[in-house]
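Report on the structure given below.
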Amino acid sequence: MARCCRHLAVFLCVLLMLSLCKALSSNVDDGYGHEDGSFESDSLLKLNNDDVLSLISSDETTLEASTVSVSNFGAKGDGKTDDTQAFKKAWKKACSTNGVTTFLVPKGKTYLLKSTRFRGPCKSLRNFQILGTLSASTKRSDYKDKNHWLILEDVNNLSIDGGSTGIINGNGKTWWQNSCKIDKSKPCTKAPTALTLYNLKNLNVKNLRVKNAQQIQISIEKCNKVEVSNVEITAPGDSPNTDGIHITNTQNIRVSNSDIGTGDDCISIEDGTQNLQIFDLTCGPGHGISIGSLGDDNSKAYVSGINVDGAKFSESDNGVRIKTYQGGSGTAKNIKFQNIRMENVKNPIIIDQDYCDKDKCEDQESAVQVKNVVYKNISGTSATDVAITLNCSEKYPCQGIVLENVKIKGGTASCKNANVKNQGTVSPKCS
């Protein structure tokens with residue numbers, strides 16, 4: 001009997017410790033994710049990030065995985081019926097379901113949507129599968145929010161997967177025709193971003209096609225730990241402001257194996273972007289990869305840790321560009337562009353610290369400091385007489401600019417207020 005009592009006591013202690021671990025994992029991040037760093041209780045028990053994720057995962061696997069399809073909530077998918085409310089109902093169900101959950105947009109159908117917000121936090125939503133087509137309403141009156149069409153926000157540990165068949169179609173022609181950049185007689189008004197990803201952690205976007213956005217195609221804002229791979233983004237070369245991927249206030253991003261051709265920047269990188277890795281990108285038509293514009297309206301801007309390794313630019317207005325306004329402040333630093341091919345690009349390499357997108361900009365002394373920028377193993381042809389432009393600030397000259405094995409045919413170099421070091425074969429050279 002005594003032995004049985006001892007065994008029972010040990011068993012109860014184990015149960016108590018497991019309960020304590022589960023309680024601690026709940027305190028880390030309310031059960032919806034985890035933060036960087038480790039958690040230490042007042043007791044002798046210590047949990048690191050891997051321990052917390054393990055506890056959460058083991059808790060989820062005890063519940064049955066489920067799929068929530070928009071078809072089960074009344075979505076027709078005929079391309080004509082407004083499916084907005086059906087999507088909202090399906091999202092509410094998926095977001096509140098326990099266990100690993102998938103929000104499913106079925107293959108082979110086209111779902112007409114007005115402006116729609118998919119908001120978290122969610123209990124255990126892990127997959128957003130877009131296997132069919134999301135098609136934007138062409139009625140401008142259907143957009144109460146003129147800045148956004150689809151918004152996904154406040155959801156952690158999520159995969160957005162197009163399965164190579166999923167399409168997001170912004171049907172932007174109506175908006176382009178009414179743009180002041182196309183018709184100077186019309187007032188300049190706002191237009192929606194097709195897909196806004198806001199305040200997300202541990203996000204994976206893959207195997208997705210986005211086309212013909214009303215304005216920006218994909219905007220990544222205030223996110224951390226983002227992976228984008230195998231995406232195709234397209235819009236006509238004359239479509240206004242249709243940036244492919246716009247990144248701001250986001251850290252730890254990787255974009256790889258993607259093809260982007262639009263009427264604006266293939267990738268635009270703005271204030272607050274840190275540790276961005278871009279691999280194996282094809283760009284064109286478009287305005288290339290642009291860091292900036294930074295420092296508009298005399299603002300402070302900070303961008304650092306940008307690495308572009310492996311890219312091809314074809315018939316684009318720019319290749320790799322850094323652009324800042326006069327009057328701004330801050331830094332754009334620790335930037336590397338390498339292993340890049342230019343084919344008939346108008347401005348293959350350009351730093352422009354006198355950028356102005358208005359009729360007239362006043363001369364100002366202050367500027368964003370550009371420093372520690374490396375251009376390595378870049379070759380190809382320029383479509384203009386100037387292949388390399390380094391137009392830096394007089395008061396805050398560009399520092400630590402390195403050109404290594406850069407060979408661009410068909411143009412000269414124009415360099416002003418730039419501290420440049422040449423390594424290997426460089427042509428054309430700054431005089």
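Using N, Cα and C of the backbone, Cβ positions are placed for all residues, glycine too.
Residues or ranges marked as signal peptide by Swiss-Prot on the basis of sequence analysis: 1-23.
Positions annotated as repeat 'PbH1 1' by Swiss-Prot: 223-249. Remote same-chain partners of the repeat 'PbH1 1' (223-249), defined as residues 6 or more beyond its termini with a Cβ less than 8 Å from a stretch Cβ, comprise 162, 164, 172, 176, 179, 181-182, 191, 193, 197-213, 215-217, 255-273, 276, 283, 285-286.
According to Swiss-Prot, the repeat 'PbH1 2' annotation covers 250-271. Through the fold, the repeat 'PbH1 2' (250-271) approaches residues 217, 220-244, 277-294, 299-303, 306, 316, 330 of its own chain, all at least 6 residues removed from its boundaries and within a Cβ separation under 8 Å.
Listed in sequence order, SER239, PRO240, ASN241, THR242, ASP243, GLY244, GLY286, HIS287 are the same-chain residues six or more apart from ASP264 (active site, proton donor) with CB atoms under 8 A from its CB. In the three-state DSSP scheme, ASP264 (active site, proton donor) falls into the coil class. Summarising the annotation, Swiss-Prot assigns active site, proton donor to ASP264.
Taken from Swiss-Prot, the feature active site applies to HIS287. HIS287 (active site) falls within neither a helix nor a strand when secondary structure is assigned with DSSP, and so counts as coil.
Outside the repeat 'PbH1 3' (303-324) by six or more residues, the chain places 266, 269-295, 331-353, 355, 367-368, 370, 373, 375, 378, 380, 383, 393 with a CB less than 8 A from a CB of the stretch. Marked as repeat 'PbH1 3' by Swiss-Prot: 303-324.
Per-residue confidence over the repeat 'PbH1 4' (332-353) averages 99 (mean pLDDT, predicted model). Look at Swiss-Prot and you will find 332-353 tagged as repeat 'PbH1 4'.
Look at Swiss-Prot and you will find 398-420 tagged as repeat 'PbH1 5'.
Panel annotation: around the repeat 'PbH1 5' (398-420), residues 342, 348-349, 351, 353, 369-392, 426-431 of the same chain, lying at least six beyond its termini, place a Cβ under 8 Å from a Cβ of the stretch. The list of residues near the repeat 'PbH1 4' (332-353) in space but at least 6 beyond its ends in sequence, with Cβ under 8 angstroms from a Cβ of it, reads 284, 288-289, 291-292, 294, 301-324, 326, 367-384, 386-393, 398, 401, 406, 408, 411, 418. Counting residues per DSSP class in helix, strand and coil order gives 0 helix, 20 strand, 3 coil for the repeat 'PbH1 5' (398-420).
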